[in-house]
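The block underneath contains the structure these notes are about, expressed in structure tokens.
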Amino acid sequence: MEKLLWCSLVMIGFSQAFAQKDMSKTAFVFPKESANSYVSLEAQSKKTLKAFTVCLHIFTELSTTRSFSIFSYATKNSPNEILIFWSKDRGYAFGVGGPEVLFKASEIPEVPTHICASWESATGIAELWVDGKPKVRKILQKGYTVGTDASIILGQEQDSYGGGFDANQSLVGDIGDVNMWDIVLSPEQINTVCVGGTLDPSVLNWQALKYKVQGDVFIKPQLWP
């Protein structure tokens, strides 16, 4: 009986653990609107951040229909510690530590789209790049430090640490090539990543990704080069 209980506990532990996998040429597919389907990511680095860059591919038809979350990084002190969010009729909202700036756009084209967002504490400069092309720079949270022990979620926006999901803000579509660095990538580096190059990501590495899938999320081949 004790042996059976021990085996059961081991199996539960495995089911709750983060898998690590090379996700090259694959994508997470969110096929329907939901408040309980998402992917949790585990950061390779647990340190606080004075700068960062997040890059990813997204493929969705939602942008002219409603708003949705692209990348959600929460800490216990701030559910929107880092947030990349599509705001219908407004554009890309990029938040650090709660406050956000808006990069205007009328839609996300209904083709696979590459997005990079970067920020640095020293100047507060926030940048957004779409398919290798920059938006006008903004200023955001100069002097701020991004916290650690993060809950990183794809597919949902966190209104609380690891939860508080709203189906009306969920992603429907594909997301992949999610990488994150603890530096601001240069324009040349952004363009290298945009065309499929690798730059040894220090926080999230798509080629050695630690993740957990919850609900109706599937891993399928990428629909972009």
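Glycine is no exception: its Cβ is also placed from the backbone N, Cα and C atoms.
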Disulfide-linked residue for Cys55, taking Swiss-Prot as the record, within Cys116, Cys194: Cys116
Listed in Swiss-Prot for the Ca(2+) 1 site shared with Glu157, Gln158, Asp159, one of Asn80, Asn191, Asn205: Asn80
Whole-number Å value for how far Gln20 (pyrrolidone carboxylic acid) lies from Gln158 (Ca(2+) 1 binding site) (Cα to Cα): 23
DSSP-derived class (H/G/I helix, E/B strand, else coil) of Cys55 (disulfide bond): strand
For Asp159 (Ca(2+) 1 binding site), nearby residues of its own chain (Cβ under 8 Å, 6 or more apart in sequence): Pro79, Phe165, Asp166
Cα-Cα distance linking Cys55 (disulfide bond) and Glu157 (Ca(2+) 1 binding site), given in Å to the nearest integer: 17
